[in-house]
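According to Swiss-Prot, the protein has these features:
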{"type": "MOD_RES", "residues": "Ser5", "note": "phosphoserine"}
{"type": "TRANSMEM", "residues": "24-44", "note": "transmembrane segment"}
{"type": "TRANSMEM", "residues": "77-97", "note": "transmembrane segment"}
{"type": "CROSSLNK", "residues": "Lys144", "note": "SUMO cross-link"}
{"type": "TRANSMEM", "residues": "156-176", "note": "transmembrane segment"}
{"type": "TRANSMEM", "residues": "208-228", "note": "transmembrane segment"}
{"type": "CROSSLNK", "residues": "Lys237", "note": "SUMO cross-link"}
{"type": "REGION", "residues": "244-382", "note": "region 'Interaction with NOV'"}
{"type": "MOD_RES", "residues": "Ser255", "note": "phosphoserine"}
{"type": "MOD_RES", "residues": "Ser262", "note": "phosphoserine"}
{"type": "REGION", "residues": "264-382", "note": "region 'Interaction with UBQLN4'"}
{"type": "MOD_RES", "residues": "Cys271", "note": "S-nitrosocysteine"}
{"type": "MOD_RES", "residues": "Thr275", "note": "phosphothreonine"}
{"type": "MOD_RES", "residues": "Ser306", "note": "phosphoserine"}
{"type": "REGION", "residues": "317-382", "note": "region 'Disordered'"}
{"type": "COMPBIAS", "residues": "317-332", "note": "compositional bias 'Polar residues'"}
{"type": "MOD_RES", "residues": "Ser325", "note": "phosphoserine"}
{"type": "MOD_RES", "residues": "Thr326", "note": "phosphothreonine"}
{"type": "MOD_RES", "residues": "Ser328", "note": "phosphoserine"}
{"type": "MOD_RES", "residues": "Ser330", "note": "phosphoserine"}
{"type": "MOD_RES", "residues": "Ser344", "note": "phosphoserine"}
{"type": "MOD_RES", "residues": "Ser365", "note": "phosphoserine"}
{"type": "MOD_RES", "residues": "Ser368", "note": "phosphoserine"}
{"type": "MOD_RES", "residues": "Ser369", "note": "phosphoserine"}
{"type": "MOD_RES", "residues": "Ser373", "note": "phosphoserine"}
Amino acid sequence: MGDWSALGKLLDKVQAYSTAGGKVWLSVLFIFRILLLGTAVESAWGDEQSAFRCNTQQPGCENVCYDKSFPISHVRFWVLQIIFVSVPTLLYLAHVFYVMRKEEKLNKKEEELKVAQTDGVNVDMHLKQIEIKKFKYGIEEHGKVKMRGGLLRTYIISILFKSIFEVAFLLIQWYIYGFSLSAVYTCKRDPCPHQVDCFLSRPTEKTIFIIFMLVVSLVSLALNIIELFYVFFKGVKDRVKGKSDPYHATSGALSPAKDCGSQKYAYFNGCSSPTAPLSPMSPPGYKLVTGDRNNSSCRNYNKQASEQNWANYSAEQNRMGQAGSTISNSHAQPFDFPDDNQNSKKLAAGHELQPLAIVDQRPSSRASSRASSRPRPDDLEI
């Protein structure tokens, strides 16, 4: 029974990827089945055939009667039961190793993409696809594997097959032996000359072990059923809470489109002002310096307000009768982006700009012209 160490090492790796019920099931399998089968049970059935005696001298009669009473030894039957029950768990472990291998490949690919990203290559979509694949395989940070998706289905299938094998071996044992051993077996089979009685060694001790292994099988079956219901209801609960696939919830949440035509967006997001229209009376080469915010996506920012301001300015210049050449260099100051509320108030008022000087354009009267032509005492003589 020294070969049990290899199976024990494999099953021990399943502990890290099992639920609480699965860990208890593995403990029951190790302690009450493998260890007990490798120590006490094997020694109890060690003299099984050698101590089987029949009240006849006919050669070969004891062998055929033993074969009829015990088609398969209890020890070998329980070994087969442990192997069959452990196979679904080993298949689940193989799936876990497959997922871990996938994780290594995805991590390697992710590192290569991050190196390419540092060189200026746009790999955001590829990195997003890798994250989705990791979630699909149940891979979390720090190499931890979470039970979801295909891994969860494999785990549920393994529990189902373990339960089926437990029930099948219990039925086979009941059909072949029953759950107790008799001290005397009656045999009538060739080449026995007549019906003979055969005697079994330590029947009570063997019956105790049979009942004990029966109880362990029932406990294992109950743990499988409990774990199956636990995994099922936990999956339903996660789906109700929306935790089963958070990528579906976040993938549809697209960022809102930016309205570059909005005045508030242009002001608060650094949109550059359009080039303001020059006044009709502006001299050649005159240019109004505007604020540059390094963003050409919002060139229609505050266009109507700029045109209205320049129209008001031109009307004031025409009314005042001033030439465009009198524009001082003080107009070439950086264009300010006022607040929307202040800008609207100025547009509503329409008379924010005041004339620099008031000139009376009416013609002078005759009296005033004559009075102005008379010499005054304080006039300077040339």
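Glycine too: its Cβ is placed from the backbone N, Cα and C atoms.
Within the same chain, residues 19, 21-22, 24-25, 28-29, 32-33, 36, 40-41, 44, 74, 78, 81, 85, 156, 159-160, 162-163, 166-167, 169-170, 173, 177, 179-181 sit at least 6 positions outside the transmembrane segment (208-228) and bring their C-beta atoms closer than 8 Å to a C-beta of that stretch. On the 0 to 100 pLDDT scale, the region 'Interaction with NOV' (244-382) averages 49 in the predicted structure.
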